[in-house]
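Since the structure comes first, as structure tokens, the remarks are kept for the end.
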């Protein structure tokens, strides 16, 4: 089967992302190539660990690592400083050293927390990402953004800390719930809109995208490799989000508002991004920056994955507009929007008329039947 | 009066350290030279803020900054994740942005905590160090080590995050308690032993060193400039402590043990380092790595500053030896020691005979009268 290796080039701490079916069972050997100590702490949640914990620990031990593990309850609501404190306690109990390594085996929540713990334990130890959700594979696991939520906002507490390696095994997606698969597809579509016209067109050509079972292994490898390449390209050009990297937040400005106002429960991250892309696309069309037919093609693709496209009916346009002011991307008090100009290309602007924003938000709130 | 400007050269994020009498009142102008946003949050404790808060805030406002402040109770026991959470809340309330700046006005505790909050809020914002204790001026404020304590160990939770600038005004030392001045002198003597023979000899030539009032402004400027230069040299060569930087921990291996076993209260950091240097020096002499007469000269200098030289009588050699295993500097289970070979030069070794260590520790425990 096809496999891909993609490099993230950075001034310091460059690293490789391997995408290869069956690679999970080779994790130990893969880590042996890195210059790291013998102690590794695997971080996961019980659902993932039940599926893949034993094989992962065995692979690490067979390669000569001293492996221990720490489980965090599943779900965004556990992405808190309190969970990090428990992880510190496990690190202390197992006497992790500066040369030791945390391994994140899980989705974005596990990856973000493990990375943040690695960034802040002993002033920074190694970490490796083994993403198990589509969303984490194409987005969260790459680029070194780590963090936890503050009661008042997502990822407000965090650090940049690059992994030493990212290992993606597409076969683990077979145990991913369908809703999680669709959530990951939101980020894949995002790369099509902001960066990769060909990826967008390959997705358009697919008959169905609402479940992994309609995606053949070749298309899956293309989806993963092109998405990861897009992310790696952008991060290599702008590691710390001084400029360009902000385009990765396409759909996320509104998306974060929808997520936080619904308590991170009703709508998951990918669904929020899908909704955010619909709103951002219609905003760009309303501002005559984007052809309405291209916005329509984007929305049709989002619908084809089975993602929601409308803001939940209990939210108001005003509440969402207000929530944007707490966004990390606010600069000199102004909210920055990422808006498409063509499929494969976006622009960054803080010059959005509040009335037009209000109107577009209003139009995209789900009507109660 | 003399002033000095010392550069810390790093692959990314190089910065300047200014040492100039009266410079505190020029803080606002100094920050105007940096490419930072208008919002600044001054972090201090109430003792320091009473002395210097108003003039600092005025200087910032006069230079056009929007300045707010946050006070943390004084003392090492407040150097905790809980204090950082309160600081995050102030940052949120004042809507700090990624271009905003935290300013640490205080000693090492304030500097370490402010730096850690800056490292982890919005994945890293600017910070500036304005150290007000001798210890912070010559050590803690330089080099980007930030962090808080874990109940089981000092600075176990932390990150590397370099300041944008360090501003040292020697005049603020006039309000520093005598015991704190002596604590800072421990780090100054450390630079003499590990790096700068001339600094060591200048200190030996001084008649008294046990209080600032015996130190004339010229000697004070020399003490500050040569110490800061030593630290800047070492940090420039090894930012993340891959090797050389570990020499700055001379006296700290035993010192941290003494501090933590006495609950960070009985003995302050500088005093612990002074005791740690006496033990490390005698260990080096016992291992025939260092001439006993040079060890004696070091101990005489420590005594001249009025610092304690003996381990508090309630501690045992065994308890201290055990405590070393939790040290961040442990590598593959072995404790690393920094041991002098000549005045101005040290070596790093993990090959210390436990029996000799025990004997030297035993010998240096204070005898109850």
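Start at 1 and count along the chain as shown; that gives each residue its number.
Even glycines carry a Cβ here, placed using N, Cα and C.
Since this is a predicted model, take the numbers as computed values, not measurements.
Over in TrEMBL, the protein carries these features:
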- A:71-182: domain '3-dehydroquinate synthase N-terminal' (DOMAIN)
- A:108, A:109, A:110, A:111, A:112, A:132, A:133, A:145, A:154: NAD(+) binding site (BINDING)
- A:184-330: domain '3-dehydroquinate synthase C-terminal' (DOMAIN)
- A:187, A:252, A:269: Zn(2+) binding site (BINDING)
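Reduced to three states, the DSSP call for residue A:154 (NAD(+) binding site) is strand. According to DSSP, the domain '3-dehydroquinate synthase C-terminal' (A:184-330) comprises 101 helix, 1 strand, 45 coil. If you compare Cα positions, residue A:108 (NAD(+) binding site) sits closest to A:269 out of the binding-site residues A:187, A:252, A:269.
Comparing local CB density within 10 A for the binding-site residues A:108, A:112, A:154, A:187, A:269, the maximum falls on A:187. In this structure the alpha carbons, written CA, of residue A:112 (NAD(+) binding site) and residue A:187 (Zn(2+) binding site) are 16 Å apart.
Excluding the listed site residues A:187, A:252, A:269, the same chain places A:135, A:139, A:186, A:190, A:251, A:255, A:270, A:272, A:273, A:276 with Cβ atoms within 8 Å of the centre of the Zn(2+) site Cβ atoms. If you take the Cα of residue A:187 (Zn(2+) binding site) and the Cα of residue A:154 (NAD(+) binding site), they are about 18 angstrom apart, rounded to a whole number.
Helix, strand and coil content of the domain '3-dehydroquinate synthase N-terminal' (A:71-182), in residues and according to DSSP, is 47 helix, 32 strand, 33 coil. Counting only the Cα atoms, the space from residue A:269 (Zn(2+) binding site) to residue A:133 (NAD(+) binding site) is about 12 angstrom.
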